[in-house]
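Feature annotations, courtesy of Swiss-Prot:
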| type | residues | note |
| --- | --- | --- |
| BINDING | 53, 56, 92, 109 | isopentenyl diphosphate binding site |
| BINDING | 99, 103 | Mg(2+) 2 binding site |
| BINDING | 99, 103 | Mg(2+) 1 binding site |
| BINDING | 108, 196, 197, 236, 253, 262 | dimethylallyl diphosphate binding site |
């Protein structure tokens, strides 16, 4: 067992086979389903849950350790935290499968998107729902009858709905690639990313950790949310920047925000700075494959890379101020938030 406050990916990955075995037993032994059904489920699990950085899942374990002031977790405590972490990764996998279909993304994590794998296609929609349902079966197996069970079930249900509502807002405002750019304003962007990204990527792992150490008081949850939502927005701004400016071979996927007409941070910033002619260029080209190069050229003309770097430093300074003022009297720890911020600051993929 690692003694540092940062768990290793190898250690975290070592728990996954047990969860796969649990689901295998459910399908083949309890449900008596044919092997072909389990084979499909297992392929779905392995392709979509593995292969990423697992930052969300690892954050659950790291947060539990930090909330316990860096004390080494017992094997049972580590396993519980790792299970909760893997359930966050299953929720992430669910949403990525569906997001890739809606965005038409050809790759994910350097591999073909699941729906692009031969023999999968639109059946990936059902595969995604299997991934989400697995969350609740595993929660039942490991936490039923314990005090955290119902609050954590509720937390996963609410978080899933938040993501889905954020995704719906994102798609509606993109209007199938023909967006009304007058609606692309900072307040709208902030609301979309709060629900689409911030809650599940940042608030969920820490809230789960607070439940795991019996410190999920209303005060602590509210304080965590006040820091983690703007941190999650910063993370999504990074994603939007990387979607346009990062090397796809490094990022592991091909950016599609411009082609899809998404309400990206970059286009919101461009619209705030554009002249009348530049705004017209955006209106004519944003949301089409043929106009992507023109939009990227305009982003360079407006020096949005510098705008992004300025935003990053300002947001990080604001977050550090919030962390400094955090009340630790009910068991919350500043180190939880410092650790998360350190992981994402100036990331390049």
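Cβ coordinates are placed from backbone N, Cα and C, and glycine is handled just like the others.
Across the binding-site residues listed here (108, 109, 196, 253, 262), the residue whose Cβ sits among the most other Cβ atoms within 10 Å is 262.
In this structure, of the binding-site residues 53, 56, the smallest number of CB atoms within 10 A of the CB marks 53. Around the Cβ of residue 103 (Mg(2+) 2 binding site), the same chain contributes 256, 260, each under 8 angstroms and 6 or more positions distant in sequence.
Just so you know, the Cβ of residue 197 (dimethylallyl diphosphate binding site) picks up 23 other Cβ atoms within 10 Å once every protein chain is counted. Among the binding-site residues 99, 196, 197, 236, 253, 262, the ones whose Cα sits within 10 Å of the Cα of residue 109 (isopentenyl diphosphate binding site) are 253. A Cβ within 8 Å of the Cβ centre of 53, 56, 92, 109, the residues given for isopentenyl diphosphate, is found for these other residues of the same chain: 52, 54, 55, 57, 89, 96. Within the same chain, residues at least 6 positions away in sequence whose Cβ sits under 8 Å from that of residue 99 (Mg(2+) 2 binding site) are 105, 167.
Residue 108 (dimethylallyl diphosphate binding site) sits 12 Å from residue 53 (isopentenyl diphosphate binding site), taking the C-alpha atoms as the reference points.
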